[in-house]
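> Dumping the structure here so I can ask a few things about it.
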Amino acid sequence: MTDFVQLIGIEKHFGGIAALKSVDFTVKSGEVHALIGENGAGKSTLMGVLSGNVIPTAGTISVEGCVRRFSTPGDAIAAGIAMIHQELVLAPDLTVAENIFMNRMPRLIDWAKLRRDAAQILDRLGFEIDPGATIGDLPLAQRQIVEIAKALSLNARLIIFDEPTAVLGPSDARRLLNLIRSLRSEGVAIVYISHRLDEVADIADRVTVLNDGSLIATRAAKDVTIEEMVRLMVGRPISALFGEKRTSPFGAEIFRVESLTAGPLVQDLSFGVRAGEIVGLGGLIGSGRTETARAIFGADKRESGRIFIDGSQVKIRDPRDAVKAGIGLVPEDRRGQGVVIDASIRINTTMTSLRRFSPAGIIKRTFERRFVGEKIAALKVKSAGIDAPVQSLSGGNQQKVVIGKWVDVASKVIILDEPTRGVDVGAKSEIYAIIRRLADEGRAVLLISSDHQELFGLCDRVLVMGRGRIRSELLPGEFDEERLLSASLAIEPIQTTVRTDQNPAG
């Protein structure tokens with residue numbers, strides 16, 4: 001394979017800050033080259049240079065051996081380079097065909113030909129999508145395919161994928177990865193950016209690691225393990241990310257649900273969590289884990305079942321009742337449900353606890369600002385200040401704000417649904433430390449995650465769900481990915497009780 005693109009000695013300075021420090025990066029035709037690193041490592045800036053969105057301070061760009069200068073994205077597109085952004089750039093009110101050929105349609109449009117041309121590109125990708133469908137009516141996975149079709153319509157010979165599977169379920173993610181393999185076999189060069197290192201190991205031919213704007217290493221993917229990728233990214237092994245598990249005994253059971261039923265995906269569930277215990281909910285997508293969390297929190301209506309806090313039954317009809325009972329929920333969709341994305345860090349952090357700052361109905365701003373400042377410092381939120389909008393933060397820092405608003409409100413129980421989805425390895429480590437601290441303070445923690453390493457690394461027990469029921473309960477000595485997957489596909493449910501013989505110190 002020959003080099004399609006060479007970036008040599010790329011530097012980029014923003015004011016006095018060096019975002020890229022003499023980085024070399026090459027991509028060959030017909031290869032998938034993964035680019036990994038923590039948030040702030042320089043990945044976005046480097047790809048901004050390659051896609052024409054960022055003009056480098058120094059360095060050269062060569063395409064097929066010819067030195068090029070990219071001043072605009074149009075320059076990169078003309079050279080055969082396109083980028084699929086994590087936040088898709090599509091017009092929701094236009095059709096699939098119109099989006100694919102946007103800004104390139106003649107004044108007199110032959111609509112039938114436009115749809116035929118769009119269908120031809122979509123057929124090449126192996127997806128049946130109606131060219132006349134409105135983008136806003138399509139599921140996210142199909143919109144992503146339209147974005148790829150748009151890149152191919154531009155005769156792109158190098159496509160940059162930025163976190164392409166971050167919001168996709170396992171099935172759609174597999175289809176997308178297979179599509180990328182197909183593009184590779186056609187000779188298309190691929191740059192693949194992802195925090196999902198298992199995908200990187202699965203699909204990449206080469207891996208480049210950036211840290212603090214510097215090139216750390218470029219390796220053949222077959223020669224580097226996920227453990228080594230993490231060590232190169234953050235300077236420590238993956239096992240160190242989870243911290244030390246509890247060694248002291250758990251407290252009494254402070255949270256219990258009995259015979260909880262809420263639709264087909266929550267069927268007759270009974271389980272408990274002790275003070276200081278982190279209990280995982282594992283299973284496949286669609287097994288009922290998120291629905292269980294929402295039913296407990298009062299976000300979805302329950303058909304039957306009882307909830308107990310400290311041995312006393314509590315009535316939870318809506319999230320307000322849950323908060324009063326000392327239960328907090330960090331939702332799966334942090335941008336859509338966890339934060340007000342356009343509001344400030346201050347507003348988001350205090351929205352669940354305004355009463356503590358307004359005893360007479362008037363908010364004490366000085367007290368509020370001091371509280372928020374201390375909170376974001378404790379959570380290590382990296383920001384321009386408490387009045388910065390949440391949307392200006394990285395995914396990991398947004399998630400810390402979501403967790404932060406529940407830290408004081410969720411005095412008894414905190415439920416975390418996919419708390420590290422879409423965040424980098426360094427931010428994951430900090431979120432894990434927060435979760436451990438919540439447990440060490442005596443809260444009952446219920447952790448939902450599709451990341452099996454996360455479940456096994458953090459949890460004291462894992463309840464495995466499948467088709468709305470608890471299928472198995474795994475203790476640390478039983479933590480095994482094959483066992484978890486087998487249990488999630490099992491037919492017979494179990495009724496779990498807290499295993500009093502299982503204790504860190506016992």
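Glycine is no exception: its Cβ is also placed from the backbone N, Cα and C atoms.
In case it helps, Swiss-Prot gives these features for our protein:
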type	residues	note
DOMAIN	5-237	domain 'ABC transporter 1'
BINDING	GLY37, GLU38, ASN39, GLY40, ALA41, GLY42, LYS43, SER44	ATP binding site
DOMAIN	249-492	domain 'ABC transporter 2'
> Using DSSP and three states only, what is LYS43 (ATP binding site)?
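For LYS43 (ATP binding site) - judged by DSSP and reduced to three states - the answer is helix.
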> For the domain 'ABC transporter 2' (249-492), provide the mean pLDDT of the predicted model.
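PLDDT averaged over the stretch: 88.
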> Show which residues of the chain containing GLY40 (ATP binding site), separated from it by at least 6 in sequence, have their CB under 8 Å from its CB.
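Spatial neighbours, sequence-distant, of GLY40 (ATP binding site): ASP212, SER394.
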> For the recorded ATP site formed by GLY37, GLU38, ASN39, GLY40, ALA41, GLY42, LYS43, SER44, name the remaining residues of the chain with Cβ within 8 Å of the site's Cβ center, in chain order.
LEU210, ASN211, ASP424
> Sort out for me which one of GLY37, GLY42 has the most neighbouring CB atoms within 10 A, since those are the binding-site residues we care about.
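Answer by Cβ density within 10 Å: GLY37.
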> Within 10 Å of the Cβ of SER44 (ATP binding site), how many other Cβ atoms can you find? Include all protein chains, please.
19
> I'd like the Cβ neighbour count for ALA41 (ATP binding site), meaning other Cβ atoms within 10 Å of its Cβ, all protein chains included.
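I get 24 for this one.
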